[in-house]
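*Asks:* Below is a structure I'd like to ask you about.
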């Protein structure tokens with residue numbers, strides 16, 4: 001057991017590797033929708049297609065990458081590290097091109113669709129092997145849990161960096177908006193809109209577009225730095241995940257066994273709806289702050305408050321799950337956001353109340369970040385006890401968990417953007433119709449609350465409590 005202990009330096013280097021996925025994911029999650037609608041000026045219908053297809057493709061690539069990883073032979077660098085190394089430079093290039101507005105009259109939608117899908121594929125080639133690396137750094141549950149806590153702290157810090165870099169750089173530039181003739185009380189709307197377009201077309205979006213590209217360049221640099229730290233500071237240990245009786249099992253045979261494992265299915269079902277709730281909140285919060293609450297110049301600071309709160313409370317949730325168990329941490333942590341999500345839409349627009357809601361939501365986001373990655377290794381250990389001859393299945397567990405959450409998130413975000421189009425969303429509008437504001441309230445409050453309540457009911461069925469987890473740990477030690 002003493003030989004399996006990881007140094008603080010190793011845990012930190014491992015944790016840093018999780019930052020690129022969260023930095024880029026947070027920037028895309030919070031800002032891509034409003035960027036496509038108001039900066040690239042893509043029609044809301046086509047924006048919904050881009051978001052939906054990109055997310056669904058992202059989900060599909062996870063099991064694909066998991067399959068190819070299971071077929072990868074061990075090298076001098078390991079089995080997982082080569083994927084991380086070779087995907088990094090291409091991921092950075094495609095990420096930058098997402099935030100570039102091409103000077104083409106046709107094919108703009110295809111441009112964003114191609115590079116969004118390309119980036120999602122490449123970042124998956126980074127993140128799936130990185131997630132599976134949890135099982136290859138140590139055989140000790142306590143060490144893996146500790147490393148996961150380090151990782152979650154850095155990943156949430158990564159979301160802070162993503163929000164801060166993207167939000168503060170972009171927020172310094174005022175994106176010109178157009179007053180709708182409906183709100184101006186004009187009678188001849190077509191003539192009014194033509195006059196307004198002629199007036200505002202002189203206001204260039206060049207500064208705003210440049211700001212997005214500068215932010216993409218900074219985030220790309222951080223991506224490279226984190227990948228280098230991970231490569232130089234972490235050693236992939238082949239023996240850490242293998243039992244004495246291990247024998248190779250085919251991918252599809254392993255997949256069948258994994259998908260029939262009841263504890264795994266119940267875990268991903270619960271976190272599926274939790275992820276959906278926070279994805280809807282993430283995808284629509286910038287629009288909600290800008291239009292429904294009227295905080296056009298404050299939304300990037302509100303988003304930053306959420307992420308800072310989440311970062312600071314990760315250590316608390318790690319202590320809580322160690323002291324009271326992971327299932328109790330799920331109930332307390334996830335449900336804590338419900339009253340505040342209701343408060344933000346029930347009360348009148350108030351900046352102070354909005355910041356309170358942001359801090360409270362961040363506390364719940366921290367629990368939602370930490371718990372799935374802390375509980376998945378417990379499920380894998382439970383699986384190993386039931387199938388001691390199965391080997392090389394770790395990537396399947398992680399990739400299919402991410403697949404289900406990403407696929408449903410893609411569907412929900414596509415539908416939410418499409419619903420804004422049906423409600424009459426005004427591209428580059430200074431304000432929005434009442435139907436759009438009502439839709440945004442539903443997307444950041446009512447629907448997430450309903451999804452969280454459903455997830456809490458599903459977690460009642462999850463069978464691995466603290467007593468079961470300790471028995472599994474003892475049994476695994478005996479097998480080894």
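Going from the start of the chain as shown, residues are counted 1 onward.
Any Cβ shown, glycine's included, is placed from N, Cα and C.
Note that this is a predicted model, so its numbers are computed, not measured.
According to TrEMBL, the protein carries these features:
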- 12-32: transmembrane segment (TRANSMEM)
- 80-101: transmembrane segment (TRANSMEM)
- 113-137: transmembrane segment (TRANSMEM)
- 211-234: transmembrane segment (TRANSMEM)
- 263-281: transmembrane segment (TRANSMEM)
- 301-322: transmembrane segment (TRANSMEM)
- 329-347: transmembrane segment (TRANSMEM)
- 353-374: transmembrane segment (TRANSMEM)
- 395-418: transmembrane segment (TRANSMEM)
- 438-462: transmembrane segment (TRANSMEM)
*Asks:* Could you tell me whether the transmembrane segment (438-462) and the transmembrane segment (263-281) are in contact, taking contact to mean 3+ Cβ pairs under 8 Å with a sequence separation of 6 or more?
*Replies:* yes
*Asks:* Count the CB pairs under 8 A between the transmembrane segment (301-322) and each of 113-137, 211-234, 353-374, then give me the winner.
*Replies:* 353-374
*Asks:* Rank 113-137, 395-418, 438-462 by Cβ pairs under 8 Å to the transmembrane segment (329-347) and hand me the top one.
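*Replies:* By Cβ pairs under 8 Å, 438-462 leads among 113-137, 395-418, 438-462.
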*Asks:* Other than its close neighbours in sequence, what residues sit by the transmembrane segment (395-418), given a CB gap under 8 Å and a spacing of at least six beyond its ends?
*Replies:* 33, 44-45, 47-49, 51-56, 58-60, 62-63, 65-66, 69-70, 124, 127-129, 131-132, 134, 251, 254-255, 258-259, 264, 267-268, 271-272, 275-276, 279-280, 283-284, 372, 376, 379-380, 383, 443
*Asks:* Can you say which of 80-101, 211-234, 438-462 has the most Cβ pairs under 8 Å with the transmembrane segment (113-137)?
*Replies:* 80-101
